[in-house]
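Annotated in Swiss-Prot:
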- Thr139, Gly155, Ser158: phosphoenolpyruvate binding site (BINDING)
Amino acid sequence: MTQVWTVVVPVKRLGVAKSRLRGALPDQPHEALALALAVDTVSAVLACPVVADVLVVTDDPAVATETGMAGARVVPDRPAAGLNSAVRHGAATAGAGWIAGLTADLPALRPAELAAALSAARTGPTSRRYLPDAPGTGTVLLAAPPGVPLNPRFGGSSAAAHAASGALALLGDWPSLRRDVDTATDLAEAARLGLGPRTALLCGTAAPTAGRSV
């Protein structure tokens, strides 16, 4: 597979990230869980065979250190104006080329599923493409071809917002990519798919072996 994609992953400061997950793991600090979700997500993206570069947009020192050590390019969140501004900033930093914005809460993500979705985004109409989350209301992935602005609309009811903005939905069976984690129930569902090593350690579950790498 040809590595053509730059993937932008925005990550909030850990103290305010994933607020609905606070208390999901009573024996673990909330910040540790938020960091684990981000690190497992970024690690899976780095392992994706069609991804050439991963930009993590964050102002959190721990996120910057850990994802940078994993191999991501860390971009300070200069706008500091929310998720969509961070994605736009990362895309502008990346420059021309195939670009995607991805949420940082996909701890079960399989690199092969991300590769399949990104490859699907390069087929058909030359336009922005988005992938709804598991419930179908949010968005986990937004992709654009060279020369087309991402124009992100992440947030509540973002799937409908992206569709209304002219983006086309991606269709495929990619459960680990669509399983974002906002609540304790989401985390349990991600665990059934197989968590990445950092999140699995915190949850006290066995990390998947070869299954997650495909």
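Backbone N, Cα and C atoms are what each Cβ position is placed from, and that goes for glycine too.
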Distance in Å spanning the most remote Cα pair of Thr139, Gly155, Ser158, given for phosphoenolpyruvate: 8
Secondary structure of Ser158 (phosphoenolpyruvate binding site) (DSSP, helix/strand/coil): helix
Phosphoenolpyruvate site, defined by Thr139, Gly155, Ser158: further same-chain residues with Cβ within 8 Å of the Cβ centre: Gly138, Pro152, Arg153, Phe154, Gly156, Ser157, Ala159, Ala161, His162
Cβ neighbour count within 10 Å of Ser158 (phosphoenolpyruvate binding site): 23
For Thr139 (phosphoenolpyruvate binding site), the three-state class that DSSP assigns: strand
